[in-house]
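> One structure is given below, represented as structure tokens, and several questions about it will come after.
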């Protein structure tokens, strides 16, 4: 698989053989922090491609926006990645080597991301890069990653339609979030009609396309589809349209500052989300966003994602405690932050499974790498470099947290090129 | 798109849509008034206008926090205090900026544009350092949320009404100040003939500073009002820049009435198009129409025809 | 210069029924007057009489509300400013407006009537003819010695002369001067009068001036304007003794 | 004004400035920097094209455009469309439902190449379009505005609005434009892989070469009568008009010239960076371009190059070591360049370095005559457009 690096070869990584089978065949390869404590293997064995690995350290890169408009969103990811690195170091590092990170600022500017990637790969020879947030930055970085054969661990839920041998996608691709969310609304809430609303760029548009196809398949109706420019702050007209169309569900993928305006204006227009008429299902409002919107404005909306801070499992309790200890009690943790936390861990497991830092060697062992201490519960890397993960539905409370009201029985298979949804 | 609706339903929707247009109108008026004063009366382009608005919004945020912690019983009324504070703080900063920067740049309007852009970058980063990069949530008293039920179907958002009332009162206040007060006469005298105004004993430097401060103060009130409907974050102010400038320029720079007329025209056009088209295309079309009209009629809607 | 005398009455400039209003205020109201070739005409009148506006209208700076301006048979009201200049009308402003960053030589060179289109200006070369013309004009305007000086360093009076020189080098048929001696010393004033006399040998000149002494020195005929209209017209003696003029100047 | 031989010109003060820049860009930087840093310098230089245009347009003629990013972007998109089509061969895109069209079109359910993409299969068309598209748009805007005497602040605001419109449009029409992600994953130019180090170094030198072509073009315009008219127009628009010039035509010309430079810069940017996206078109990007020009000295075309290099290098440097300080520094730069040193680097050079030079190398009498005019009262209303080192070109030699 690792050799299929051409663009044409991306798609046929193959669809998984189904959940059960994969579980059975791959469970055996799990190993957690046990083998790593063995004698530290010599550097020339584990690093044949000149990465920045010494006998006791290994360098990785963290590449997010610290400045500019995206800094708001990306800071959580930086914190999570640093936390994971710290924890890995405390537990003995990777192949006996302590992780050192080089942090670069993408400055919310896509060429800067590409430049910094080039710097990290060419000058610093980092063994892995944890970074990027927007699709645009990932798209800018991608050719560089492929050219210098780096490995990017990308945390954001995104639109799919991509499968690079040089990226591990630790967030969900669109179908994982959307299909489960819509199925839930239809089954549990009896939804029949949907109004699709998003900011005007690729992720909402692709997501709504998938949603629309899925709704069509279920024989239900989409009564409206609407996009507003990024940063738009006046939603009165669309609110009126929604009132006119009376959908059962508003399916919202509005992002950034627009979010704040949208929910405040919905509330002011007399829409009480707790009445669920219409029900609002979002794929873009994490706990992070609620802080800006204000919990009282979103009480009663539902979000469909893989992680909520309130998830009740021991992994998550430890994670939340560690995160708050590191960064303060008032921190909130959203879906992407958790996904960013997975990156360093998944890289560590892959390195240790491959017994090498070489990118080509770890690429061969990715499929099936598991992380059962993941805050979200359990994840596993699919052959297509995305993660198997569960999707949850949360209901927002005034305190800015979600109550998890539903989770999928089984792991959702990642399907970045969903047939029948394009 | 109107199949299957009763007439009364349609009427209600149109009523609410008309109201949506009006609240967009009041948002535009609030945004543009401060700028119109500064630009129209002084010829200064204040690119940091959006950041002054956000300063007002942060003031509201802090005031709300203060009331919640120390005077919870008075929380319902904190918003009025916040608006006054927002005005004072923004006006004070405006006066300072005028003294430090703007006064050296009169008659170089393009340079004020660049300098205030620099100021806006600094203010944004200052917000980021002080309040964090994330948007802050401003808590509002309960009475401000929710809607005013007119008929079964027609609901008017209270905060929309509130913004409208603020916009109209400030517009009226500015009108009285500029056209009915001694101070306003002085301002207009300085605008029309600075040397002559100085010769008759008007302290033109003082008038400039007050005018700039007033414009910034109004931006602060606008920012306070916008916490009800928009986001409060370090770079939220940028979202308003293009719209605000277009409203002012479209109205004809030296005419306050023009600013209001243009705010009305643009808001109605945009809100109507938004209803019938998708949001993005409505925005593009509105901007295109405004730019197109400005190309045909560069002096704006209401400019006086004067000897040039 | 060889003014094309094609108008029916052989006037170089025929202004008829000219009106312009600003928001209802008529700055120039149904004004008519005629200039013969080679004539020196001075327009006088109290402040706000509309004198400068008349010049603005002729040179196209202000567009007339109604009326016609015929110059050498051409209707000027429909032309753009630069076309009016090309048809032979030069205009000096009240405050000296020369290019302060450029030298005197360059100021005159820029005004040289060649290379006025974009491409022309790109291809323009300073050849012998240009230098000759510039030097000739510089001589006329008493600035031969200052050719290499930046215009910013000239005295107020010299700037006025330079601006007149910039018109002269265009070889216009009609020169319009707005208060050419305002703010000048007595000596400069005399020199300017001498300059104007030199110029008028082969130009038609329309001057706005307040200084009656100076007006008497140069004018062939005088037009007195008041509230946008012609109050009186004729020789200097004639208008001085016109009771209407006396009323306007002394009456209140 | 006219040097009889190129050799003589190179020995002149101005010639030495150009030689120094050439030395820096062609010899010193390539030797001192690794290919990675050199590529970054190449990227900075593409902004210098815009800055040179702004010197002509804003510095000389007083027309401040806050929408230069539009022209930069259009040039860049033209190039990117060509490269994207070349990268989207039916073989390379075999997995798409419609092979042979760019990937983002396929994701947006387009089943055929839109008509306006078709001509970009041709390299020669693309090369023409890189200049023609920005120039045509500039002409339309310029014609509409300048013939109606719209200038100054109004022009600035309207160009800014145009930048906003184009950004929203490109982001909204993602099926045709690639949306917010832009046009990415560009690989080869007429079969030549632009991603290798060797290619990037070559592109750097191409960029430097083009930059000098544009510098010479700008210098040519500046030193002809046209250049003087532009400056004159800025200070005394009416006097120029009543000297018989069609002021609007000159403004349109210089605006189009600036657009052409920006378009070339944008195309080179796409080649050097490897993609194009709407974020280089928008308001923020466009205003930043003005500061490159202002820092260099708004009247100096050479200064523009240094301005673009320095601001961008500082940006990279700051954001590597003190990311949170960068906006403060940038803001201070805007204010400082306006309040404290309106003539930018060129002005500082003129006032501090040149006198030193004068003392060190006793100037020969001939050049002394051409030395800058005696100090003028700087406090005047002037916007500080006096001392550009290049201006001494204007001194008449009266051959």
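Every residue gets a Cβ built from N, Cα and C, even glycine.
Heads up, TrEMBL stuff is auto-annotated, nobody curated it.
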> Match it up for me: which of D:123-146, D:363-386 does TrEMBL list as transmembrane segment?
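Here TrEMBL associates transmembrane segment with the stretch D:123-146.
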> Thinking of Cβ pairs under 8 Å, which stretch from D:15-33, D:123-146, D:202-221, D:242-261, D:292-313 has the most of them with the transmembrane segment (D:45-67)?
D:292-313
> Thinking of Cβ pairs under 8 Å, which stretch from D:153-172, D:202-221, D:267-285 has the most of them with the transmembrane segment (D:15-33)?
D:202-221
> Tally Cβ pairs under 8 Å between the transmembrane segment (D:123-146) and each listed stretch (D:153-172, D:202-221, D:242-261, D:267-285, D:325-349), then give the stretch with the top tally.
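Between the candidates D:153-172, D:202-221, D:242-261, D:267-285, D:325-349, the best contact partner of the transmembrane segment (D:123-146) is D:242-261.
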> When only pairs 6 or more apart in sequence are counted, do the transmembrane segment (D:267-285) and the transmembrane segment (D:325-349) reach 3 or more Cβ pairs under 8 Å?
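Touching, no - the transmembrane segment (D:267-285) and the transmembrane segment (D:325-349) miss the threshold of 3 or more Cβ pairs under 8 Å.
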> Using a Cβ cut-off under 8 Å, which residues of the same chain at least 6 positions beyond either end of the transmembrane segment (D:153-172) come close to it?
63-70, 73, 77, 141, 145, 178-180, 278, 281-283, 286-287
